[in-house]
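Take a look at the structure below.
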Amino acid sequence: MPQILIFTYLNMFYFFPPLQILAENLTMVTEFLLLGFSSLGEIQLALFVVFLFLYLVILSGNVTIISVIHLDKSLHTPMYFFLGILSTSETFYTFVILPKMLINLLSVARTISFNCCALQMFFFLGFAITNCLLLGVMGYDRYAAICHPLHYPTLMSWQVCGKLAAACAIGGFLASLTVVNLVFSLPFCSANKVNHYFCDISAVILLACTNTDVNEFVIFICGVLVLVVPFLFICVSYLCILRTILKIPSAEGRRKAFSTCASHLSVVIVHYGCASFIYLRPTANYVSNKDRLVTVTYTIVTPLLNPMVYSLRNKDVQLAIRKVLGKKGSLKLYN
């Protein structure tokens, strides 16, 4: 068998000399250059200030939610358990992208090694897909709470919640591993300028020096599975929720149910809408400037919405924050 392979290989170069020249001139890429916002010149300094402020708001908001949910026993419910997991995932999700982007806004050298680029894409997609799946699970949690309140303790027991959270994380990172393998198994010859502020799929795969149709098709199928399927599941859940809410006799009960669901639905629409715009289309249709603005939405604006809209405006969370701060204040006075 090895002899046959060697013979075939030698014949290929004998009958097709251009392939030999191509192989000799092939230079594999060892690092990428992240162009980011370099075309904006001096505006980058203003962007640095804005993005740094937003990053600190995201970080402080998520840390506050995680801490309050952990410290206040009244929030030890499935809904807030998943909120805490989502906030944790969002914290790491932004940490993978934003610090490097902030550094690049102030530096001339914007290089990232081949391996670091692959790792950045792996963790970014891992946490992003985990968030998508978590939003789907949270939709199911609201469906179980509103449509089946009597069976809710059984449907969303702590054991079930733990398994669902673990399934989201495992599914997210397995899907990410599949996509990253499809991207970085491609040959990258000479072009190394990534027209983006991080190693995103479309921007990197455009640099491959071979046909990428099969890889792109499989990545598209993965995108459908992690974006369209959970979104449709959420839509069906909310149709059932809406039907149940309309049957609630009291106006206060309907208002409270609508308020809880509306905050979740607003985050879902922004997150899935922006992600679908970027990933559920061929790479050939990638338009860098427009796509970069949309990417900013789901890498910065959506993580900003989660703590502000979904949790900090929630009366239970606000009350819990006051209780936690009140306890700390009383402890200081006592000491």
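Quick reminder: no glycine exception, Cβ is built from N, Cα and C everywhere.
Record features, source Swiss-Prot:
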- 1-45: topological domain 'Extracellular' (TOPO_DOM)
- Asn25: N-linked glycosylation site (CARBOHYD)
- 46-66: transmembrane segment (TRANSMEM)
- 67-74: topological domain 'Cytoplasmic' (TOPO_DOM)
- 75-95: transmembrane segment (TRANSMEM)
- 96-119: topological domain 'Extracellular' (TOPO_DOM)
- Cys117-Cys209: disulfide bond (DISULFID)
- 120-140: transmembrane segment (TRANSMEM)
- 141-159: topological domain 'Cytoplasmic' (TOPO_DOM)
- 160-180: transmembrane segment (TRANSMEM)
- 181-217: topological domain 'Extracellular' (TOPO_DOM)
- 218-237: transmembrane segment (TRANSMEM)
- 238-257: topological domain 'Cytoplasmic' (TOPO_DOM)
- 258-278: transmembrane segment (TRANSMEM)
- 279-291: topological domain 'Extracellular' (TOPO_DOM)
- 292-312: transmembrane segment (TRANSMEM)
- 313-335: topological domain 'Cytoplasmic' (TOPO_DOM)
* Structure fact -> For the topological domain 'Cytoplasmic' (141-159), the DSSP residue counts stand at 13 helix, 0 strand, 6 coil
* **Segment-segment contact (the transmembrane segment (75-95); the transmembrane segment (160-180)) at 3 or more Cβ pairs under 8 Å** => yes
* Contacting positions for the transmembrane segment (218-237) when only residues 6+ beyond its ends and CB under 8 Å are counted -> 129, 132-133, 135-136, 139-140, 142-143, 172, 175, 178-179, 182-183, 201, 205, 265, 268, 272, 275-276, 279-280, 282
* For the topological domain 'Cytoplasmic' (141-159), find every same-chain residue at least 6 residues outside the stretch whose CB is under 8 Å from a CB in it, and list them. => 78-79, 81-82, 237-238, 240-241, 244-245, 257, 260-261, 264
* So what's near the transmembrane segment (46-66) in sequence-distant terms, Cβ-Cβ under 8 Å and 6+ beyond its ends? -> 37, 40, 83-84, 87-88, 90-91, 94, 98-99, 101-102, 105-106, 300, 303-304, 306-308, 311-312, 317, 321
* To do: Give me the mean pLDDT over the topological domain 'Cytoplasmic' (141-159), rounded to a whole number.
  => 91
* Asked: Which residues, given as numbers and ranges, are at least 6 beyond the ends of the topological domain 'Extracellular' (96-119) yet have a Cβ under 8 Å from it?
  -> 29-38, 44-45, 47-48, 51-52, 55, 127, 180, 183-184, 188, 194, 197-199, 204, 299-300
